[in-house]
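A.B. asks: Annotations per TrEMBL:
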type	residues	note
ACT_SITE	H204	active site
BINDING	D208, G209, N210, G211, R212, I213, A214, R215	ATP binding site
DOMAIN	111-269	domain 'Fido'
SITE	E63	site 'Important for autoinhibition of adenylyltransferase activity'
Amino acid sequence: MWIWQRENWPHFTWDKSIIEPLLRTARLNQGILLGKTSHYPQSDERIMLDTLVANIMHSSAIEGVKLNAHVIRSSLSSQIGFEQENVQTTVQADGLAEIMIDAVVNWNTPLALNRLLHWHKRLMNIAQPIDKSINLGRLRGKGIMQVVSKAGDKTIVHFEAPDQSIIDDELTQFLMWFNDSRMDPILDPFLRAAITHLWLITLHPFDDGNGRIARLLTDLVFAQGEHYSVQLFAMPVSIFGDRKGYCDALEKTQKGDTDITSWLMWFIQTLNSTLLDAMKVIDKELFKTKVLNNIDQTKLSTSQLDVLLLMLEGKFKHGINTTQYHALTKVSKPTASRHLAGLVKSGALIKTDANGRSTKYMLRLSKLDSCKTKL
């Protein structure tokens, strides 16, 4: 029996003693992330673009769809009204950018079926040519909808969705809950996001693209809960890194009863990983800015600055020597030695104790912890 066949579907329950501590950690991490951005050297435009590009790229990659990040970024920049990227966009990229922006910017618009159908139509423009078996911008047709895999000659059914004949009623119930629950003072927005994700995927209302639509809805819920923070983290990146865990958590829940504790645990733990990863990105930028602000960049050559920026981006984590500097910049070895000595004098690098070819030069402030924001 599938979860949607249970008598008390869709009245979900969970163990608060397990979930509430995870929620508190997630809320704390969200607050720390928001606090760090007040020191972030990049513009809001850069943060938002980086996040939305990562979101689109990884949500598609979860389904095995590869995209061009430069084209996606260009389309997002154009549609949001940021400085134009000098890259030709495509119908595919424009569609993905449009629905991503709609989810995180138009968060105050009530969710209706027509909006979901439009998302599906724009989403499925990625198929070239479009699969004629897919009802583009429409609910799935008749027939059994199953998620299956093969093990030799054996077919394994991981999930079976509700029959097409009841999808209209099921979606009506889902949409009513979605819009009403936004004002529920008891339901935490992170829990609401997890329930939304599970519910939409369980209904599987489309022939294809259900996972990507569910992840868009998740971002819409994040935006409704806190309008700015959704621009700082991309949960699909973490989901992509644990695709097996993602599928296993969904399958276990969909084969169970309406106690969704295990799904909520996986979702919130993955969200916490996402928030921590976003903090690392911010810390890296803060570290980079601290180093650059502590030196006189006007006294550095172009080669010196280029190498320093590479090191600040994480290259040469164990230090750089004269030979490596020479190979990278194409300057002579004596010049490479002078340049590295100059970077030491500037305060950006330190020279290791080793001599001769073993001598390496490392960032003076090599630990990100040394510049983490104190809140």
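Glycine is treated like the rest: Cβ placed from N, Cα and C.
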A.B. asks: Need the DSSP three-state call for the residue listed as 'active site' to compare against my parser.
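C.D. replies: The residue listed as 'active site' sits in coil per DSSP, no helix or strand.
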A.B. asks: Express the distance between the Cα positions of R212 (ATP binding site) and E63 (site 'Important for autoinhibition of adenylyltransferase activity') as a whole number of Å.
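C.D. replies: R212 (ATP binding site) and E63 (site 'Important for autoinhibition of adenylyltransferase activity') have their Cα atoms 8 Å apart.
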A.B. asks: Same chain only, sequence gap of 6 or more: which residues have a CB within under 8 Å of the CB of G209 (ATP binding site)?
C.D. replies: H120, L123, M124
A.B. asks: What same-chain residues, at least 6 away in sequence, bring their CB to under 8 Å of the CB of H204 (active site)?
C.D. replies: R140, M145, V147, F159, A161, P162, N210
A.B. asks: Beyond D208, G209, N210, G211, R212, I213, A214, R215, what residues of that chain have CB atoms within 8 A of the centre of the ATP site's CB atoms?
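C.D. replies: Same chain, not in D208, G209, N210, G211, R212, I213, A214, R215, Cβ within 8 Å: E63, L123, L200, I201, F206, L216.
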A.B. asks: Going by DSSP, is E63 (site 'Important for autoinhibition of adenylyltransferase activity') sitting in a helix, a strand, or coil?
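C.D. replies: Note: E63 (site 'Important for autoinhibition of adenylyltransferase activity') is coil by DSSP, not helix or strand.
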A.B. asks: Report the member of E63, D208 (the recorded positions) whose C-beta atom has the most other C-beta atoms within 10 angstroms.
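C.D. replies: Going through E63, D208 one by one, the largest Cβ count within 10 Å is at D208.
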A.B. asks: If you draw a 10 Å sphere around the Cβ of A214 (ATP binding site), how many other Cβ atoms fall inside it, taking every protein chain shown into account?
C.D. replies: 20
A.B. asks: Would you kindly give the Cα-Cα distance separating E63 (site 'Important for autoinhibition of adenylyltransferase activity') and A214 (ATP binding site), rounded to the nearest Å?
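C.D. replies: So the alpha carbons of A214 (ATP binding site) and E63 (site 'Important for autoinhibition of adenylyltransferase activity') sit roughly 13 Å from each other.
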